[in-house]
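J.: Pasting in a structure now, in structure tokens, and then I'll have a few things to ask.
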Amino acid sequence: MSVSELYSQYTRVWIPDPNEVWRSAELTKDYKEGEKSLQLRLEDETIREYPVDVQNNQLPPLRNPDILVGENDLTALSYLHEPAVLHNLKVRFLESNHIYTYCGIVLVAINPYEQLPIYGQDVIYAYSGQNMGDMDPHIFAVAEEAYKQMARDEKNQSIIVSGESGAGKTVSAKYAMRYFATVGGSAGETNIEEKVLASSPIMEAIGNAKTTRNDNSSRFGKYIQIGFDKRYHIIGANMRTYLLEKSRVVFQADDERNYHIFYQLCAAASLPEFKELALTCAEDFFYTSQGGDTAIEGVNDAEDFEKTRQAFTLLGVRESHQISIFKIIASILHLGSVEIQAERDGDSCSISPQDEHLSNFCRLLGVEHNQMEHWLCHRKLVTTSETYVKTMSVQQVINARNALAKHIYAQLFGWIVEHINKALHTSIKQHSFIGVLDIYGFETFEVNSFEQFCINYANEKLQQQFNSHVFKLEQEEYMKEQIPWTLIDFYDNQPCIDLIEAKLGILDLLDEECKVPKGTDQNWAQKLYDRHSSSQHFQKPRMSNTAFIVVHFADKVEYLSDGFLEKNRDTVYEEQINILKASKFPLVADLFHDDKDPIHAAAASGKGSSSKINIRSARPPMKASNKEHKKSVGHQFRTSLHLLMETLNATTPHYVRCIKPNDEKLPFHFDPKRAVQQLRACGVLETIRISAAGYPSRWTYHDFFNRYRVLVKKQELANTDKKAICKSVLESVIKDPDKFQFGRTKIFFRAGQVAYLEKLRADKFRAATIMIQKTVRGWLQKVKYRRLKRATLTLQRYCRGHLARRLAAHLRRTRAAVVLQKQYRMRRARLAYQRVRRAAIVIQAFARAMFVRRIYRQVLMEHKAAIIQKHARGWMARRRFQRLRAAAIVIQCAFRRLKAKQELKALKIEARSAEHLKRLNVGMENKVVQLQRKIDDQNKEFKTLSEQLSAVTSTHTMEVEKLKRELAHYQQNQGADASLQLQEEVQSLRTELQRAHSERRVLEDAHSREKDELRKRVADLEQENALLKDEKEQLNNQILCQSKDEFAQNSMKENLLMKKELEEERSRYQNLVKEYSRLEQRYDNLRDEVTILKQTPGHRRNPSNQSSLESDSNYPSISTSEIGDTEDALQQVEDIGVEKAAVDMAVFLKLQKRVRELEQDRKKLQVQLEKREQDSKKVQMEQPRNDTDLDQDADLAYNSLKRQELESENKKLKNDLNELRKAVADQATQNTSSHSAPDSYSLLLNQLKLANEELEVRKEEVLILRTQIVSADQRRLAGKSMEPNINARASWPNSEKHVDQEDAIEAYHGVCQTNSQTEDWGYLNEDGELGLAYQGLKQVARLLEAQLQAQSLEHEEQVENLKAQVEALKEEMDKQQQTFCQTLLLSPEAQVEFGVQQEISRLTNENLDLKELVEKLEKNERKLKKQLKIYMKKVQDLEAAQALAQSDRRHHELTRQVTVQRKEKDFQGMLEYHKEDEALLIRNLVTDLKPQMLSGTVPCLPAYILYMCIRHADDTNDDLKVHSLLTSTINGIKKVLKKHNDDFEMTSFWLSNTCRLLHCLKQYSGDEGFMTQNTAKQNEHCLKNFDLTEYRQVLSDLSIQIYQQLIKIAEGLLHPMIVSAMLENESIQGLSGVKPMGYRKRSSSMADGDNSYCLEAIIRQMNCFHTVMCDQGLDPEIILQVFKQLFYMITAVTLNNLLLRKDVCSWSTGMQLRYNISQLEEWLRGRNLHQSGAAQTMEPLIQAAQLLQLKKKTHEDAEAICSLCTSLSTQQIVKILNLYTPLNEFEERVTVSFIRTIQAQLQDRNDPQQLLLDSKHVFPVLFPFNPSSLTMDSIHIPACLSLEFLNEV
């Protein structure tokens, strides 16, 4: 293309700018060749005219299209130049916050000065296994590339990290180390990495210092080699260091510090262990105070020093060596503070003998004070004939002192590095290594000295190696693609390197000048001017004769020659070194013994700068080859640098260039000037220039076709050869054939051609867009016209309708007016008529009322007159009656008075007679005596009171007289004034008393008023309280109504929380199971390795009875049968000793308690037996003689029955006791066995308890059953008997109790196991069997009747006891009621006190009772301890008695059951095998079984077979067999799974069988909770003797392990497909477009989609999974959980790649992703798996796809995004928005302001800090109980299993 085509109107260019380096502008008109200026418009809309150099034709660089801005790789830019690179980095850093960018093979890392969440374990796993171009740029991608190339090519690798101080080199190297430790070792930090990281605080303390540019600047370079074994696991490391800046020890510039260790040691000087160092603060020492401020803001030197000491300890440095190191460092500080005094002559000097610092220096280093004082101020000159001691000037002494200090520090630095390497060294053979080089970048300061010269020299060598490597890669790429290429002209800095290191170069001349006795820096500079003035890389400054300029590849640097010779010599006098060699401290002496060549030491250990030299200044030149003249520092550095370059050239290098964005250390602040300076210095721009010189843009044919297919004509698309289509398109579009080349797999373009193609593509799209817009706009206009036409017709129709409706309304209104007039007139006439009528009616009413009132008044007056007459006549009649009654009363009174006088006269005559007096005197004498006594008592009392009154009167009289005398005396003394005062006082007191009385009355009145008010108020409050109570009740009712819904909601929330906690707990448990299986697997692997390594015939194996228990499982043993003899167990305990046996007294106490209870039961039974014997004797005396034999037989049968039961119980107790003792002994002998085994004590106690409970239940059932059977048969037989026993009926009244005869008879025949229901009775009675049976039944009936009577008596006793308890409780209640009534009568305070007293008394009584109980228990405990051996002996005696009784019982049973016939049994669902066939059973059924062999059989057949074998062992009560079978089965399953650890079908098969076996153990355990769905037949197949609860737990854990292995296998099969199928494959053809890529190409971008997967591949794979699991009978609930986990993994991997890949964050990817998700959801619904929750796990991915498709401009869009993306965290949303990349020109980028709006709206979210989803997360699996409907007897065993040795039972 011509210039006029490129520089047309609206073309954007870059122009230089003094502030921003480069500035964007836009052409306002076309440029024509020959014009001297360009018309530009800047971004701020200002117009500017830019001059053009017409002669050189230098036009401003063009700007890339916006679609290319922000690319991951700078080489993907079409226009490759400095402004494009700078702008791309700036956009990525500021707008997207991306700190990493590729530049070809270089990773550019910009220091963000902020902690970013992009270095977690999840990010490491996301980058692990990925190709370098597949993910966004990252330090982990470079580390993964190095690791992968090391493993693939088996070649050593190197990662070269360079940059300025403060650019982040050390951090980048640290993250690379962490990545290698994670992917090359375990998931956590390995021991080697811990040690390497522990070395960081040490190296930072002794090698880092504060500079003007960085507070923690590394002042040395280091190269760390990480060693790997054949499996590529980290085994060790080694560190080399380069060019330690020793001069910093003795000199620091302003605002700089010495090495951190000096300040750390001063900060810790107050510690007790450092008192002997004699240190103070850092300001007091010369070597630490030259830079000014000794503190760094935000840094605590004391804390850092503590970290340094911890790191020393971790690396194995002993405490004594640490103290020695700190002594040496402190001695350097003291040496720098030694005061040197000049003498008068000026050529000599001295040091005061009392100098404190020199004394401390000598003491800390253990050297002679006098010798050091002498040789610090003198030096020795040796000639051929004699030796001279010469004094030195002050400056010479200071230089010698400084050289000694630098030498001591350098030697100590080397020793520490050597010790670190020893700690990181390993004895395992190293297979390969990856080196990480953390070295200083190009440096230029205002004053540059020898250190900057060496640093820049090293960077020149590294840049040369970098240029050659880049050129080599370019050449290999061209040759591989078979395209013609020419030699690319790139900058070769070999001349500059020759200037420095060649013969007679700068370093040679410096060494030569150092050998001259009187050599100076000025002479050396003059030699440089004379020798190299003609060199193009060497210049002389105009204004200086002591400086020189070297033109480096990055920039010109002016070096000041002052100090070059001294630093290069690094002179240390031999006499001072000899003094240090003679130190009494071994570490100090070892530091300075030169027992090896320093050059070789530098080559071996990499400490080229650490090996110092001792030079005798006056030695003749002829002895220059002597060892005492070591090589110069420059020579050593050059040698070590050559060794480093050889190492790097022998490895595959990877480059990381760290950029410092600003000098103020501001987060995400970009300074273009500083960035460009560093880009030039680190070689990034040189890489761009080399790429631009060739063919920088490269496209595969497949990607080119997908991107630029719009440029292809329709006829050309018919061709199937994409390569031919690409060629034809390019030849037609780009006319210049030199602008592109066709390679074997790629198309190569010159710079700018991709931009031109993008322009053509955008024009094509623009034209298509215009065509679409034209068509759409025309269609819209047509639609608009039709819409207007329809609207017009509608309006006309409505208008005409409106006019018609208006006319009709007028006609209706006219007619309505006529009707209204008619009605109005009629109403007016009616109203007039009604008014006249109402007036007439009113007049009539008033007239009639007047006449009626007149008549009423007349009648009323006549009625009142009659009433007056009535009352007057009544009054007159009453007056006449009263007069008559008064006269009659007077007559009666007179007559009665006469009669009374007569009677009184008669009484007086009678009273005078003697008889009357006698009657009156009766009883008077007694009354007189009583009165006399009373009078005497009153006289005595009166006398006593008189005496008291007289005494009181005399006393009062004496007091009055005394007071009178005192008053007289007082009056005499005081006079008349006093009396007046007294009177006044009395008067005042009376007044006050009256006032007090009045106040009291007032107060009383006020009190009464207040009391009344209070009473009133109390009444009001009571009323208000009543109202409030009513309101409260109403509110309570309302609250109850409302709380129902709230309670439901709260209960739902609580249920959700409980479910969540349950899921978390289950997840933690399953993680532990997973960790256990992983450790178990690791143990097995290590054991296999040890076995392979040893290969010795005498290898000792564990006993077979322990291997399965100790290695593979920790299963409990089942102990319900007798496993050993009691004496053997006791003997075993005695043999191993009491202490080792670890006997738990609690167990023996429980056993003793049980034995005591049994002894009591035995005594009770004995008493009952004796009672029964006495009753039987009485019955025998009453009954006839013919019943005596029957009663005796009944008693014997009863005793036999009870004895059998007791014997059975004693036998089981004996077994439990023996097992307990055996368990105690086994635990003592195997106390070092597995820690996870359950406690044998608790296990046996639980078993004993369960056995006892089961025994009691069985006993009750047997007694009830026997009672019913005997009663029923007795009634039936008694009905048929010809001779009923009358006495028996009278003796047993309860025998007539009704029992269901059919059930009883059926149960009876079931017990007897006979078939007598349909047989002939005569046949049964052939041998007298019927009679015998009848007699036996009678005896049993009598025994049971006696037992029932005994039970009724016991019941009555219990009822009486309960009644007594009830009476006692009633009495207690009465007492409490009385107490309560008394309490109510008391005041509240008294009630409280009384209640407290009652509670205290109650608690005291309870306490006394408890004390008595404790004393009783303690007494019993002591008694039981003493009698333990006695009971053991009794148990042994019982065993012997049991054996004899058992033999008698067996004989008796045989005699009774001879005639019982057994019926034949069918298959009961049990399989029997011999113990020796167990291994064959496991091999055929587990180890060698293939799932294909059982394709046509019942699913989970092995599980059913194993359960039937277990059931038979349970039926035979063989616990060892059950234990062995289950253990062997579990170990066999583990072995199979370990062998087929990548076989999904095998893993699914054994997961289904393990779950089915677990379900069988639950279904047939006998637990009612698991038997709800069982049939009667299935209930017969339950286990009888063993409780396998703990084995169920073991099987559950095994199922979890198998499930996790199944998920791992499925994830391994799906993981390679996910990214390609979900993100890269074109599910919707033509939707996506590939953007231009750079040097880093995606692995999936291959021709015709090689090695890529589509969504159909994932669906096919999941169909396969689903089919396999369904065919093998896996529970549907587990299948749902499997697919939920797989869909979560798909979501996590896809979303993590989306968050780490900029190229897939586009609108088209969102559309493709949404389509893929819908396909997966459809598959879930088609397989009926939508209830698994798998769709919910994809919610974050769905929201991410929607986020890519949503509009991202306005505030409303931000709110919509925040409300929609609830499953995405804030970091994930912002990350996707930052990564969003338009694929076409017409798409717009997400602005920074919009992202800030999103962040502001989401700032209140409490999201986790983790950016990526945890793809390793596994949901906790749940195995719900799923019983089987099959019965064991219906299972058929196929012949293909070869299980003929199994016998059906």
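Keep in mind that glycine also has a Cβ here, set from the backbone N, Cα and C atoms.
Note that the coordinates shown come from a computational prediction; the quantities given were computed from them, not determined experimentally.
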J.: In TrEMBL, which of 602-630, 921-949, 1211-1239, 1443-1471 is labelled region 'Disordered'?
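T.: Checking TrEMBL against the ranges 602-630, 921-949, 1211-1239, 1443-1471, the region 'Disordered' one is 602-630.
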J.: According to TrEMBL, which listed range is region 'Actin-binding': 549-571, 641-663, 710-732, 733-755?
T.: 641-663
J.: Just to be sure I understand, if DSSP states are collapsed into helix, strand and coil, how many residues of the region 'Actin-binding' (641-663) fall in each?
T.: 9 helix, 8 strand, 6 coil
J.: When you average the Cβ positions of G163, E164, S165, G166, A167, G168, K169, T170 for the ATP site, which other residues in that chain have a Cβ within 8 Å of that mean position?
T.: N111, N214, G441, C658, K660
J.: Hey, what's the Cβ neighbour count for A167 (ATP binding site) at 10 Å?
T.: 24
J.: Which of these binding-site residues has the least crowded Cβ, counting other Cβ atoms within 10 Å: E164, G168, T170?
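T.: Among the binding-site residues E164, G168, T170, the sparsest Cβ neighbourhood within 10 Å belongs to T170.
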J.: What is the number of other Cβ atoms found within 10 Å of the Cβ of S165 (ATP binding site)?
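T.: The answer is 20 other Cβ atoms.
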J.: Counting every protein chain present, what is the number of Cβ atoms, excluding its own, within 10 Å of the Cβ of K169 (ATP binding site)?
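T.: Result for K169 (ATP binding site): 25 neighbouring Cβ atoms inside 10 Å.
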J.: Would you count the other CB atoms within 10 A of the CB of G166 (ATP binding site), including those on all shown protein chains?
T.: 20
J.: Using all protein chains in view, find how many other C-beta atoms are within 10 Å of the C-beta of G163 (ATP binding site).
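T.: Neighbour count, Cβ to Cβ under the 10 Å cut-off: 26.
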